[in-house]
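What Swiss-Prot says about this protein:
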- D431: active site, proton acceptor (ACT_SITE)
- 600-620: compositional bias 'Polar residues' (COMPBIAS)
- N75: N-linked glycosylation site (CARBOHYD)
- N85: N-linked glycosylation site (CARBOHYD)
- N93: N-linked glycosylation site (CARBOHYD)
- N132: N-linked glycosylation site (CARBOHYD)
- N148: N-linked glycosylation site (CARBOHYD)
- N162: N-linked glycosylation site (CARBOHYD)
- N189: N-linked glycosylation site (CARBOHYD)
- N231: N-linked glycosylation site (CARBOHYD)
- N248: N-linked glycosylation site (CARBOHYD)
- 586-620: region 'Disordered' (REGION)
- 1-30: signal peptide (SIGNAL)
- 31-256: topological domain 'Extracellular' (TOPO_DOM)
- 278-620: topological domain 'Cytoplasmic' (TOPO_DOM)
Amino acid sequence: MDSLSSMGFQTASFFLILLFLFYHLPCVPSQQERSRLCKPFQCGDITVGFPFWGENRQSDCGHFSLKLNCNKPSNTTSLTISGHNYSVLHIDNKSNILSLSRQDFSGPFCSASFSSTPLRSDLFQNLQPYRNLTVFYMCDPRRHFFGNFTCPVKGLGSVVQNSTYRKLCDKSFSVTVPTSYVPEEEALNLTHLESVLRKGLEVKLKISEMSGQECVTTDGNSGFTRFCCTNVSGPEISCLTSITTMNNGTYSDNRPFLVTIGTVLGSILCVCVVLFLAFYLNERRIAKAARIQHLEALGTLRGYNYKQIKKITKSFTEVVGRGGFGTVYRGRLRDGRKVAVKVLKDSKGNCEDFINEVASMSQTSHVNIVTLLGFCYEGSKRAIIYEFLENGSLDQSLNLDVSTLYGIALGVARGLEYLHYGCKTRIVHFDIKPQNVLLDENLRPKVADFGLAKLCEKQESILSLLDTRGTIGYIAPELFSRMYGSVSHKSDVYSYGMLVLEMIGARNKERVQNADPNNSSAYFPDWIYKDLENFDNTRLLGDGLTREEEKNAKKMILVGLWCIQFRPSDRPSMNKVVEMMEGSLDSLDPPPKPLLHMPMQNNNAESSQLSVESSIYSEV
């Protein structure tokens, strides 16, 4: 708790420092600085403010497309539009009217760029009717043209009001001139055209209609507003005031308000980011502290580093099992004891599974529960060390005699009874199957693989799970659908019942298939129950059993059928199962017929929680 409190204090301190910095951050420049940056553009007879900028008037003082250039020493003003330079002959600030002429037409016509230059319709509008004239050049010298001219490089040309000569000339471009300057005849005199082009065009800036008043600065001087473009729905310039004469080089500025709003919003965003990071880091710290506390509670259980794990397994040379969570290797401790080492896959998602398994196994001490000897928890490297059992897993020994299978089934029942009732905290295994039952040298069973186990208090009869866990064919119905009942320790009882029935059914699988070849893939508890009703156990048990073996086999069948009842409330608890297995056959009542329309499943296929084992030795 002290570390968490310290972290909270550090977070609060950082938050206060951040607020202090934002509070003292200069929001806007001084009035003198604003006047210096946005003083009017002056060149020759032209003095303008917004929306123009250029020279010593900064770019953010006007529209980005309206940059003016002062050409010295002639003190003439130019404006670049769509890549072509225009001479600005005059600007009327009150009416927002400009007189523009193409600079390349200011000299001899033959020196022009001979390209069309339509003005941008989003910035300008024509004030009077205009007409486009077509200039053809590089024409056929053998033909006669109206309004013809000759340029040294361009060759023979013609200026007309239509496209008459388009097929007779290689090149053409258009120029725009006022209609009043165009004569009635079709062809134009080149000298007359040069004069018209030098006089230029009159255009009006596209400013919104909200005008008619002067803006006033805080010191009472009349001037221009810098942030004139507001609420622009399209590309047009939109102003809240008219472009009027500028006095004293100052202007009214709403920038302080905008910058203040931006600063406040930025501060809020930064604070939110800081709080999120603090919360995230705090959650990670708490989770890590909880894991460490959980592992520290393991007491005398020895921890190993990853280097020691490699040495124990001789660099992971001998694989004895594979599973969904990791790989099991054979190893040997320094004292000579053989061990099995399960190395979990590098994954962020299996930390909880690792903690579950280590915590569950560390609480157990029973002859029918595999013994945990140590663990490794080094960053993303995690491993579990437990006793090595020579005879591997039960799925490789299902053909044993009935007496041995009965002893194994009873041992598994005692192990599960211990997990449910003998530990300080109840442990529900959730993955009972032949691959997770290991056999020692005396064929004594030991329940293994606690990767899906869940710990709960004994008074908790109902468990909450967010996923389906276990192996298909052994998973209790309530884990698939809550319509069958609540998930509890009775889910292990169902898996145990399927395990016991498989031990009996697998022993004579070939005989069953030969007896009914058309139904060999049927859900095997179905035909077990039918044989039980008909008092015919021949195809299941076979011949040559002693009376004691036959009693034990029938007892296993009855107990198994009791355990696989679909409703958890109809299943016996594990301590009752042990009592039934140890008692006499005559004391067992026939079980109700279970729901027998379970779809055919592959018993080796697993749910998303696990992958198929491919070994003679199951992972623990």
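Backbone N, Cα and C atoms are what each Cβ position is placed from, and that goes for glycine too.
Each residue contributes its Cα atom, and for N75 (N-linked glycosylation site) and the residue listed as 'active site, proton acceptor' those atoms are 91 Å apart. Taking the C-alpha positions, the distance from N85 (N-linked glycosylation site) to N132 (N-linked glycosylation site) comes to 19 Å.
For the pair formed by N93 (N-linked glycosylation site) and the residue listed as 'active site, proton acceptor', distance between Cα atoms is given as 86 Å, rounded to the nearest Å.
Neighbour density at the Cβ, taken as the number of other Cβ atoms within 10 Å, is lowest among the recorded positions N75, N148, D431 for N75.
Taken residue by residue with DSSP, N93 (N-linked glycosylation site) is part of neither helix nor strand, so it is coil. Sequence-distant neighbours of N132 (N-linked glycosylation site) (same chain, six or more apart, CB under 8 Å from its CB) are S174, V175, T176, listed in sequence order.
Note: the Cα of N148 (N-linked glycosylation site) and the Cα of D431 (active site, proton acceptor) are spaced 99 Å from each other.
The residue listed as 'active site, proton acceptor' carries neither a helix nor a strand DSSP state and counts as coil. Taking each of the glycosylation sites N85, N93 in turn and counting other Cβ atoms within 10 Å of its Cβ gives the largest count for N93. Across the topological domain 'Cytoplasmic' (278-620), the model assigns an average pLDDT of 79. N148 (N-linked glycosylation site) carries a strand DSSP state (E or B).
DSSP assigns N75 (N-linked glycosylation site) to coil, not to a helix or a strand.
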